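S.K.: Per Swiss-Prot, active site, proton donor is recorded for GLU359, and the stated evidence type is sequence analysis. The active site annotation in Swiss-Prot covers HIS390, LYS518.
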Amino acid sequence: MAYYRNPSDVTAMPAWQALTKHRQAMQDFSMREAFTDDPKRFSQFTLSSAGLFLDYSKNLITAETRDLLVALAGEVGLKDAIKAQYYGELVNSSEGRPALHTALRRPVGDKLKVNGVDVIPDVHRVLNQMTELVGRIHDGLWRGYTEKPITDVVNIGIGGSFLGPELVSEALVAYAHKGVRCHYLANIDGSEFHELSMKIRAETTLFIVSSKSFNTLETLKNAQAARAWYLAQGGSEVELHRHFIAVSSNNAAAVAFGIREENIFPMWDWVGGRYSLWSAIGLPIALAIGMSNFKELLSGAYTMDQHFQSAPFDQNMPVLLALLGVWYGNFWNAQSHAILPYDHYLRNITKHLQQLDMESNGKSVRQDGTPALTDTGPVIWGGVGANGQHAYHQLLHQGTQMIPADFIVPIVSFNPVADHHQWLYANCLSQSQALMMGKTRAEAEAELRDKGMSEEEVQKLAPHKVIPGNRPSNTLVVERISPRRLGALVAMYEHKVFVQSVIWGTNAFDQWGVELGKEMGKAVYQRLTGGTEEPADDASTQGLINYFRGRHRG
């Protein structure tokens, strides 16, 4: 059986053993010296595809490092795993399912069978259904209970039904369709619903309830709150169908809620939530930017899919990024990875990538049920630059941990103000440069002497001004954020995550830890509300329940 389904000991593979020795040889490697010694280093460690330009030259690597990492990808059978995932094999072993989010962006005419049925016609049927709905709303033909056109769309969903769509609709706000505003309601916190309700009017609002089961607790509670609010504002049960539609595989529950069957968009069990923005879950995206731009998003992702499948591993963007992550996580003991977008409209990409990466690769068990033999997924964190430079970048530069980083920056701003974007771009490049170069003790001392300080003051302050440098980063550059390029960018990270799961032997498409929390939450709720007097399984949880019950009013 293939390694990706029944993994052996990856640490015993020749390439892994060679990488272990190579890591020791790289202990004193200096990126500064590497750039000085090799004027062609930049050209050797850059590539472009699907509208993205990747500079990975500021990494603790040589050509030999890359060769060994690529050899590891070959030894774990990555090529076969990529093909298996793309053509619908059961790569999600714990749930016995394929993982076919890539099918959502495949063109008409392609064929892909799941359980003997070609799914591509269904994919495009749903796209046509979305096109019709989006057209009616944008043309003012979909009317609320007072016959006024829809002006606001509220997506009710959580996790993958929220993070991906929010990222894309906000990243592409420059492409927004005038006349329709999109909002997101995710958290089961009354304050979020309250704040939203102050911005919309029931008579001109359409709610999209996005839940595969139509039973996700947070989503269902928010949908019920929205329904009650709609009725309290003057809406009626008879006209409910004008204001609520659903994306779900549980038609019966959606119909019972009051949604007409023709206004229910399907979900398939071969698409995981965190990979679902390409499906009808992306309805708020299409409503925000228009269906033609949504299809451009799909097209960009498809272009990256083709690159991922066909490019040699040493020229394959997702594969190289994945291998670099393995290099730092498993051989340099890096525990986290920073995502640093230098673009205001990409401010939510870190949140989406947190779910994509950490929910996929936050695993300690391999596909066959045996314990993982290596560290697996890192903590993903970060935020928009240049704000981070005045917050956590200090830790990146002078902290004791190695934290690789991805800088993401466009060349062109949609909203140029004086020379702001030149400064933003300069800040992005200078941060990656500073991480790589650092500042030596000799440089720090010389700098202080040039300021006229006494030698005593120089020796006292110089240690604090030393920056270790040699901190790795990648820089991803796009000409400007467009639907096509954003689609390619998100798809690239999806593929990166999958590659790492193959190497570690884990399943990137389940999330049993999330399920446990849901189950326990129901039991705690029953104890909080007096539904059961049976004590919790531990004294801490029971003590906190008692504390709540003794003080909660309302």
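Cβ atoms are placed via backbone N, Cα and C, with glycine included.
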S.K.: Let me know how many other Cβ atoms fall within 10 Å of the Cβ of LYS518 (active site).
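M.R.: Excluding its own Cβ, the number within 10 Å is 11.
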S.K.: Using CB atoms and a 10 A radius, I'd like the single residue among the active-site residues GLU359, HIS390 with the highest neighbour count.
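M.R.: Of the active-site residues GLU359, HIS390, the most buried by Cβ count within 10 Å is GLU359.
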S.K.: Would you kindly give the Cα-Cα distance separating GLU359 (active site, proton donor) and LYS518 (active site), rounded to the nearest Å?
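M.R.: For LYS518 (active site) versus GLU359 (active site, proton donor), the Cα atoms are 15 Å apart.
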S.K.: Taking only the Cα atoms, work out how far HIS390 (active site) lies from GLU359 (active site, proton donor), in Å, as a whole number.
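M.R.: HIS390 (active site) to GLU359 (active site, proton donor), Cα-Cα distance: 29 Å.
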